[in-house]
Structures are given as structure tokens and as C-alpha cells.
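Engineer: First the structure, then my questions, so here it is.
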Amino acid sequence: MENTSSNDEFIDIATAQDEPNVEPLRTHSNDNLLKFDTHDKYSTLAAVKKMIMRDLPPPKTNEPPQPLFNGLLRMAKSPQTPLLFLAFETPEHRAAAAELLGTMTFRKKKPWHEVAVTERDLRLTYKGAGRKRERADEAPSQSKVTQWVGCPMEEQLARKKAHCLRVMKTITTLKGSDHEKLFAGVHPSPEQSGYRNHVQLTFGFTDAKEPSIGFLRGSVVEGMYTIDSVLEKDIVTVNVLAKLIAEAIMSVYYMFKPPNKGGLEVYDKTKDKGFWRRLQVRHNTLGEVMLDVEVDMESVSTEVVDDVKVQLSGILQGSELRAKLCAACGKDTAAVVSAHYHHGTGMNPAPPETTRHLLLGRSTLTERLSGLQFELSPTSFFQVNTAGMELLLHEAVAVAELRPSTTLLDLCCGTGTIGLSLAKYVKRVIGIELVESAVHDARRNAERNGICNTTFHCGRVEHLLPDIISQLGPDDREDIVAVLDPPRAGVTPTVLKWIRGTAPIRRVVYISCEQKALERDCPPLTKPATKAYRETPFSVVAGFAMDLFPHTPHVEMVVVLARNSN
């Protein structure tokens, strides 16, 4: 899974010297520390911020935007606990935030409540020493989505290797430096710039108050409402095809900006108002483009919406745009082949289940990976670095020790990318995925590629896995390998218990975009047997990483665990 963590968190002063473009400021004060129980063990800090934005929107005002929490110095939450920590400048700021957070609830049932701060809390939070700060020579646009853009690639890989070795030391029980022998290193991405095949852009205003489209500069919770424009800033990870599409969409915006043409403005978060809201752009290896634009259709008349759709269709299918796309990628197949639109309101993106309307072309985009073709809908998950993902799968085959007799369990399978790519190496593939539309895409992709040894099931892993295992024949149960590619939050303890307690599973391949989750999920599989975690434990036997996200601190890490012989 792609790592989409918030980049406005804080780092330890001991490691600040290892981070590019980061200078430690000072240790924050613990005198005004606030501790809240959210009842939510699994959400990350970024997810909690989104909840606060959703449930506690800032007031609609024409005044300059202010932080939701005034005087906020630091905000932190461990995904392993339901506790949220916030440090403030003054007691008054702390009291105001406590009153605000006291109105929050977990799943609209359990109210959040303040918890007394202990001496241990003060000691631990005092260690969170430095804040990220942009250097004078750092481009502001790069600090959010390409934090390491000024760092040489060799140094980026060295930093990521050091990070992965720290993770390996945490998840293994080996002494000294033995864990380093298990790690095969960080493989560089085949492409270092423009590698993203998928971007989600936001309409808004730049610091100069000019309408544009790009990336939010920070968290709304902390009062960041402006964007960095992809049309004005050279953001190295964004492919030129996405920039051309954004430019084309903005040309339509200017057509309808005058009051006599509809007065359609870009979204203004300070007023929670605006027609043009978000734009998602995907492209494949042939340069074919699919886009999905989010607009507030209820804020204007049906006639104006129809006029917008006509102009969008004309621009997106026009010869001028196609010529630019072909020239940019050097392929005569480049074109907009699919365009969707959907309705959205509020500060958060419309949920994935929101109805998408087809504006032009096909309903899906076909991507090619490892010799296979995958149909992607607007909400489908697919790795943003296609070339890098191909290398990752190639390396995973070797360390997983797949055999013609292997039954492969593709847990959290999504649209079946991993399972279908590995199907030719094993006897059969069984995929489990919670999202129904993703399971539908996985089945369709299997049929499209003529792969007959796969089955995909919709539901929770912990609910389906026991019955699936019990229904396997003796031959299919002798050699089972499980692949885990979970979202950022990792997997639930129940899933880990079932994997640990299913004796025929001899190997687990854990693909991690968020290593905090990996560090949390490995110990239940490797610790000695207990009543909850039955059967023989696993041991970490191999690991490697793939730099799927150059110019950022994020890395995709693969760890293999093998069942102990006794």
C-alpha cells in the first residue's frame, strides 16, 4: 500500500541530524500537555486529524484562517493505543482545546475524554524534541510532498537502508548485528522523477491568493488552507501528464469564472464554499489518462453544470491537448481515454462509494504490470510506481520460496495485483478483500488475463479465513504461503491470531508501506505460544525494501517470516 502519512508530525532531536532539510528547534514544553482517550487504537495521527476536521469544522468566516487549536506546539498519537497527546503554549490554549475535544465521539457512541497526565507521559513526550522547519533555501512546495528533493539519491537510499535496519533489529530476536545479514538492501526505483502514475490534487488558493490546483500545504487542523500549485512549482514526483490535465481543467475554470458565465470558483476552505473541489488523475504505461473531478453540482443550476460538462468534454478530447500529451511522454497512444465526475461537499473528499458519472470514454483504465493487464476504476488502489512495483514482485518471488504445490493466500488483496502476478508460480491463489468493488475488479482482472487458478472472496480476513482453510483438500493444505499487503494501519490482532493459529501456513510475506505497523504486527507472530497465539511461532528470515517513493522518507519494505520447525 502506498504510504500517505501526514508530513507535519515531529521528529526526535537525536535523529534530526539524519534528516535532510530538517533543523531541530527546541524541546517543547510539557507544562501544558493534554492527554485524551479517543477509544481508537488503530487510527494514525493523520486519520485522527481528519476526524477532527470532519466533526469540528472551522467556522465559516471571511477572516484569515486560524488554527483550530491555538497555541498548539505538538500533536502525537501511537497507532497502538487510543491516546492522543497535544502540547500547548499556555494553560488557556490547553483548556480551550480540552473543551473542544470533549465534544468528540468514537463511532458516535463513546465520547472522547481527558485522561490525567502521568510523570511517564512527561518524560516520554519531552524526548520528542525537534520540530521540522523549512530551511531558507528549501522550496516551500517541496517540503510537503517531496521532503528529500534536495538530497542526493545515494544519500536517500542510505538513509532508507538505515531506517530498514532499525526495523529489522526491532522485529527480530537476533543479537548484535545478525539482523543485518537478513536484509538484502534497498532497491532503487527505476524512475526518480515523474514516477507517480496517480495524483490527487486540490483546487484552492495559493499564498498569493491566486486560484489554482495542487497540494495542500499542511493540516487544516493547524490552520493551513493554501495550496502549492502544480502549475507554478516544479514538484518532481508529479508526472507531466498530470500537470497537462490540471492545466486543461483550469482553462475550463477560467471560462466559467466570470459572474455572467456562472461565477464558478475554486473551493475556499475558509468559507467551505466553491464549485471546483478536487481532481484525480491516473495514467498508464501507454500514456492513456483517466481522470475524476469532484464538483459541488448542487451549488449551481443544472444548465450551468451541463455547460461545464460540454466544455470539459471538448477540451479533454481536443487535438491540442492530445498533441501535448503525446509530446510529453513520447508515445502516440497518449490521450484522455476516461473521464468521470462526481458531487462533493464539505471539507473532506467524497467517500469512495460516491456515485461516479462517466463524462467521456471508457469507465476504466487498463494498466500493465508483470505482463498482465489490470482494469482500474476511479477508486481502485494501484501502486503509484508501476516500474518499481514490478521489481518488488520479482524480488518477492525469490524470498517467498513459492512452489508449484503452494496455495497462496493473498490477504487484503485489493484488486488482485499481487495474487494475479504470482499465480503462475503456485498451484492456486485465494484472495480476501473487504471492499466489494475491489473484489469485483480482481475477478474481472483474472478473467481478462485468462488466469484460472484464482478465487477472490469479499469480507473480513478473520471471518473468512477459518472456513476457507477448513474447506481446502489435504494436498492444498500441505504448503500454504500468506501474503499480507495491509493498509497503513496494519492488520487487526484477530487476523494475526488466525495466521499464527493456522498451522499449515509455513511462510508469511508482509509488504509494508508503514513500518510502525510492521513493528507492531510481527511480535504476535514470533513470540512464544500463548493461549491467544497458538501453534509454533514464526521467525523473520529475510527482508528487503523497494524505493517506491523517491524524494520522500517513505519506503516499501518486504519481510518474510517462516514457521519454526518445532
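Here the Cβ of each residue, glycine as well, is placed from N, Cα and C on the backbone.
TrEMBL lists Cys513 with the feature active site, nucleophile. Residues or ranges marked as S-adenosyl-L-methionine binding site by TrEMBL: Gln383, Glu433, Asp485.
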Engineer: Rounded to the nearest angstrom, how far is the Cα of Cys513 (active site, nucleophile) from the Cα of Asp485 (S-adenosyl-L-methionine binding site)?
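Structural biologist: Asp485 (S-adenosyl-L-methionine binding site) and Cys513 (active site, nucleophile) have their Cα atoms 9 Å apart.
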Engineer: Given the binding-site residues Glu433, Asp485, and counting only Cβ atoms in the protein chains shown, which has the most within 10 Å of its Cβ?
Structural biologist: Glu433
Engineer: How big is the gap, in Å, between the Cα of Cys513 (active site, nucleophile) and that of Gln383 (S-adenosyl-L-methionine binding site), rounded to a whole number?
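Structural biologist: Each residue's Cα considered, Cys513 (active site, nucleophile) and Gln383 (S-adenosyl-L-methionine binding site) end up 11 Å apart.
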Engineer: If you measure every Cα to Cα distance among Gln383, Glu433, Asp485, the residues said to bind S-adenosyl-L-methionine, what is the biggest one in Å?
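Structural biologist: So the binding residues stretch over 16 Å, Cα to Cα.
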Engineer: With the cut-off set at 10 Å between Cβ atoms, which of these recorded positions ends up with the most neighbours? Options: Gln383, Cys513.
Structural biologist: Gln383
